[in-house]
Amino acid sequence: MASWEETPLLSQAEEWERGERREKRAKEEIPDRGGSKERVGFRVYLVCSWVLFLEGMGGLSSLALSYFYKSTLKADPALLSSISSISALPWTCKPIYGFLSDAYPLLGFRRRPYLALGGAAAALSWIYMATYVNDPWTGGVCMTFGSAGMAVANVMAEAILVERSQGETQEFASHLQSVVWGAASVGSLISSFLGGYLLEIMSDRQVFLLSAVFPLTLVPLSLLSPEKRRESDKLDPSDLSNKVRALYLTLMMPEILYPTLFIFMLNATPSTGSAWFYFYSSKPPLGVGFSAEFLGTINVVGSIFNLAGVILFQVLRIKLASS
């Protein structure tokens, strides 16, 4: 291979121009990438933490949903379990949402429009649940639609985190993850505490209307997403195929494949959650007759341990980094 001195001047100029184009494209793909917590910026923490906080606040309506299907729609435990499983399917398609946002930017942006659309979809599903749903399967469609909206918003937040973590140390990437998942744990704790109490003073449909307010905040919040407008919305098929191939190769890595299969088998096993709810909430002799407020208190315990796990991870991370 010829050295730099032996390369013709024209080739040097072409190489320099190609390098500038690559650098410009990298800046467009990962705007304002920083090397410290200060340079990442407040907007990254705000947008990503709020999305995960809303994910935790989703528990506000989970108890109301169970009572809605049992008392209002008169659904049996098997039907509720089936509908809950179907409504969770959008969360298994998260890579697809990432590919779509990368391949089809809207109005020159890859994250902002999808973040707003996801929040709007989730809000509309809760509004429809509160006003029009009168049979279990229509409710299942609404739940699936709302679940897809929050899954899209979650993917956009995670994409922002990944982009901002590129070129950073593993310690800093772990710091970002602990902050946003701490927000999710706080949201889960608040929703667990309020979920049962609200059902004592409000109807299940009123709780659904209240739940619609939170994802709706993603519409204005999406404007704060730290993203620069792209000059072109054209799809690059080769780039998309490379992303698909990279995802496949990543999944085939033993350290990724085996844990993924374990989690898949764990989630594929039958769940007794709906049956337990019917047993807890039914009066004797069919159950133990727990009140909605007490069931919410039980959920608080799990949320406290989730938050404790996040705090413990952060403490151990700092301790290991300083050693």
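Yeah, the Cβs are placed from backbone N, Cα and C, and that goes for glycine too.
What you are looking at is a predicted structure, and each value in this text was computed from that prediction instead of being measured.
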If you check TrEMBL, which stretch out of 75-93, 265-283 is marked transmembrane segment?
75-93
Can you find at least 3 Cβ pairs under 8 Å between the transmembrane segment (205-225) and the transmembrane segment (75-93), where each pair is 6 or more residues apart in sequence?
no
Residue list, the transmembrane segment (44-69) vs rest of chain: Cβ under 8 Å, 6 or more residues beyond ends.
75, 79-80, 83, 115, 126, 129, 136, 139, 143, 150, 153-154, 156-158, 160-161, 164, 176, 179-192, 194-196, 198-199, 204-205, 207-208, 210-211, 214-215, 217-218, 221-222, 224-226, 274, 277, 281, 292, 295-296, 299, 303
